[in-house]
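Take a look at the structure set out below.
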């Protein structure tokens, strides 16, 4: 008998002894990090409100109880009973019964009302019908990404369960080594921005954290080919953890599956969906630019199939000697500071991913409070000695000034923006400014992937800033549903119409003017001296956005109809409004470390250019007396 | 056509254009790092004294010229002609003709006389018979190791040539990567003594430096199982370099071949022979102690077959982007400071291996003069703040005092000594002391592997200290042949006889009293209060030697006949004479670095316990303002 089977046998005996005699246990198994307990008495289980919580705390495991399929009410009957238990206001939009696991997935506009106070309504459902309910939110704005992901996972349910069982046995395997070490190998994003990738390794376990590309230098990928990355093959990795969906962290995850990786990706649920959206767009852009993408869309689906979503704060076993906890990072939707607890109190490492330390309109500031942390791996994008940014208030004032001035000239404000994150922040600023009368009411047109990304944001309000989340729970206060927002879904014709109309604001991708609908908007508005092109995000070296910022006014542009290149004379005003970054500035990074609880012993400054990482590293050393490093790529640090 | 074949084609054309028209070139190929040129006109080649040197310098390759087999004189005729060219005094003991390569191996007591001034006699031989002569020394003391290795290599000649051709093509392959980095990964001997192993890696190449075990902790082996050691398999290594034969550097080299490694080991010729001797003994000891050795003797033979011997100072291509040069390290016979020149002027790393900085009786002090060195990996065995040793003069005085006092009591001096290195140093001290009358003439008995190790020393006098080398060239001055030295080859009977006789000195293995004939000597002499047990080498924690040093006088010992354990009351005097270490002491290490030319930018202090490496690292940092490190095992440092 394998050690895992023996462990499950023992757990089953222990669970039985903990349960009242009228509750049976028909099977106990692992699915991913969870322990699943099958019972022929789900109703009795549900009656004892706190039983699962007690078991979980006793066994120190995440526990799910499922009914033995034999004892279930027929879906037809169950459906009626369930709907009679849930208040009508919950807005149930779908019920999906899975006979094999006894789960019923309830999609509702107001999941909270399906759950009830402390889960009371859920328990009521089980008491009535035996089925185990699982609740998901009906997106307030229809999102093809969310519905595609959900349909795909429904369709791949059987295979996914196989994956989860395999992963579960892997996580709970016996520890083989009596050695102890904790190491971090840097595979990318050291003394550079982009291609984030790290390996965290112990004698038992090898975990890849992020696997991105380098924007503007698509050939430069993380050093996956060195042996310390994938060892004797991608299957030597135990787990992948993704801090957030941006491509410089996520673009090459699907490639791992092409290389033969077959293990889990741990990340948040919104990151999973955004990652799918951005990776498919990445393939699309590569194809449009005539590059051969390193993998195809099938691999994106593999990545989604292998994703095990975690909620902020859940402590999860991901290997025999590693527990992972994700915490809000404040950077984009679902972004996570990833905390690893290694061994039984041996060592703790936190990877910041990209962070924003202060609260923004969209997100609470990054979490920096942990039970223990010895080493912090810290982003340094704005770690340079002069990287202090305008604060958000001033930034908003500046933006509003530009809009008012343009409006008064009768012009239009064209804002290139990243689909994920900055666009939604802009929407919140604009909605508030119009509602409070700071700027005149006018249409705000959203072009490119912005609408879709916004829909994903509204699907996961739990990941947004507290106040914003509460507003979204009420349709009439959901700022993203405000009347002035218009999704450009009518192509060139609609753009022409907007261009011919009066003053308005246009948010369009790509954020660095490297392609996408923003090019079309430049053709429409570029010659209009009354309109303003307004940059609100970082323009990287080598992008057209940066060149325009630097004063270029003769822009090479493909003619939409003929594909020929022509030159556009840019007569628009060009403005740059700073202070809307999704990254902490130098002060924010220092504050993150200074107020961190507990203060780490060592800090690795990464994800910034050479001078930023070195500036930040030496400042943290001098000001807080920590051991700090500005690693190069391909180094290995040992901590224990 | 492969890039190597193309390269050889071009070289052939270039060589032809450099040679006079009467010299043909029938084939050009690589064998290991050498370029072999076959010609139908070997005699004409030999006539032009400097031609090969000119070619080598023009092509920047090591060049060997061999006759096309068709044009050779018959061995029967050639033998006579060769013997008529070589002076009788050379003492030719064997001629061995290899038709396939046109080489004749000449074994002679005085190789210098076969070579002639600037190689004139060798050229004369080729002019006469066409064959290419290769000269080896007839060991002045018969060595079964040397003759076994030579016979084995003769027998494996064909297979070895296949290995060399494969390695040659590998070395001269086209560089594939346009990236640049130089990294060192520590696999052992960091913050500890033993299990030396490092990987030096570039985008092209992965080189393992040393692969030892840990004396007294045989289970602790280098971290070969981490992916950065062997990558996807041992065949991912391009080369292995061995700094010297001691088991803490060499014991696990044969294991690589069991793992599938099939590439070269670069080291000196004496290290190759000593390594074979010590590895076979390692297997023997393991078997005697009931441990299962990790490999068998077949793998030792594989290691020898794959060894490409280099001489001190030879700059040798060992990979498309790496040149290796070995330099005298002064530690034991054949020990080498290994200097790596990487890329075309990109970076230089020197691994000290174990060093002795000052001259000893046996060896010149370690070389610390290089064209360039940016990083030095430095042993730190005696790097601690108090690790200053008695100087050699005082050490010798102390030893002589102990011997005289014991002699005057009519007792015997029993010296546990390592077979390789310390024993020969002792022999030189004793021979000199008796010759000069400092101590009385008396027999010096050599037991265990000491005699054999001494024979190997006399086979390679070029590797000994200048004065000693010159003396060995004259039989009547060879100190190792002095009359008082007696090889104990008559077992227990002879030992009993020695024990019954008068005053004498006994050098016996093992050096730390952990087994071997020293145990038998303790049974014979342990109860004799007139005799002295004299330690001249380091006694590691946990060894019987250390315990006796610390005052134990009741010694558990196996009875030789019955195998039962009994207790021996030790009545001998116990003395420790310090100052005979093969390692530089703290002062020597500092002097090595201080006088190093050029001074390196970075120093990694390894091969010493935690405090020694840290003491040395911080001292070098403070005194010489270098970047210094005391790495842990399993770290990776990147230098470019």
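Note: Cβ is positioned from N, Cα and C throughout, glycine not excepted.
Per TrEMBL, the feature Zn(2+) 1 binding site maps to A:244, A:246, A:331, A:354. Cβ neighbour count for residue A:331 (Zn(2+) 1 binding site) (all protein chains, 10 Å cutoff from its Cβ): 28.
Taken from TrEMBL, the feature Zn(2+) 2 binding site covers A:248, A:249, A:354, A:607. In sequence order, A:196, A:210, A:211, A:212, A:242, A:243, A:353, A:354 are the residues near residue A:249 (Zn(2+) 2 binding site), counting only same-chain partners six or more apart with C-beta under 8 A.
Taken from TrEMBL, the feature domain 'K Homology' covers A:98-165.
According to TrEMBL, the feature domain 'Beta-Casp' maps to A:423-548.
If you look up TrEMBL, you'll see A:5-72 marked as region 'KHa'.
According to TrEMBL, the region 'KHb' annotation covers A:73-140.
Under the heading region 'Metallo-beta-lactamase N-terminus', TrEMBL lists A:181-385.
What TrEMBL lists as region 'Metallo-beta-lactamase C-terminus' is A:582-640. Across the region 'Metallo-beta-lactamase C-terminus' (A:582-640), the model assigns an average pLDDT of 96.
Secondary structure from DSSP puts residue A:248 (Zn(2+) 2 binding site) in a helix. If you measure from the Cα atom of residue A:331 (Zn(2+) 1 binding site) to that of residue A:607 (Zn(2+) 2 binding site), you get 14 Å.
Following the DSSP three-state reduction, the secondary structure of residue A:607 (Zn(2+) 2 binding site) is coil. Neighbour counts were taken as the number of other C-beta atoms within 10 angstroms of each residue's C-beta; across the binding-site residues A:244, A:246, A:607, the minimum falls on A:246.
Counting only residues at least six positions away in the same chain, the Cβ atoms of A:189, A:193, A:194, A:195, A:196, A:212, A:213, A:214, A:215 sit under 8 Å from the Cβ of residue A:248 (Zn(2+) 2 binding site). On a Cα basis, residue A:246 (Zn(2+) 1 binding site) lies 13 Å away from residue A:607 (Zn(2+) 2 binding site). Secondary structure by DSSP for the domain 'K Homology' (A:98-165): 39 helix, 13 strand, 16 coil.
Over all protein chains present, the Cβ of residue A:354 (Zn(2+) 1 binding site) has 26 other Cβ atoms lying within 10 Å. Residue counts of the region 'KHa' (A:5-72) by helix, strand and coil are 32 helix, 17 strand, 19 coil (DSSP-based). Surrounding the centroid of the Cβ atoms of A:248, A:249, A:354, A:607, where the record places Zn(2+) 2, the chain contributes additional residues within 8 Å, namely A:189, A:193, A:194, A:196, A:210, A:212, A:243, A:244, A:246, A:353, A:379, A:381. Each of A:243, A:245, A:249, A:329, A:332, A:335, A:353, A:355, A:421, A:582 belongs to the same chain as A:244, A:246, A:331, A:354, is absent from that list, and has a C-beta within 8 angstroms of the C-beta centroid marking the Zn(2+) 1 site.
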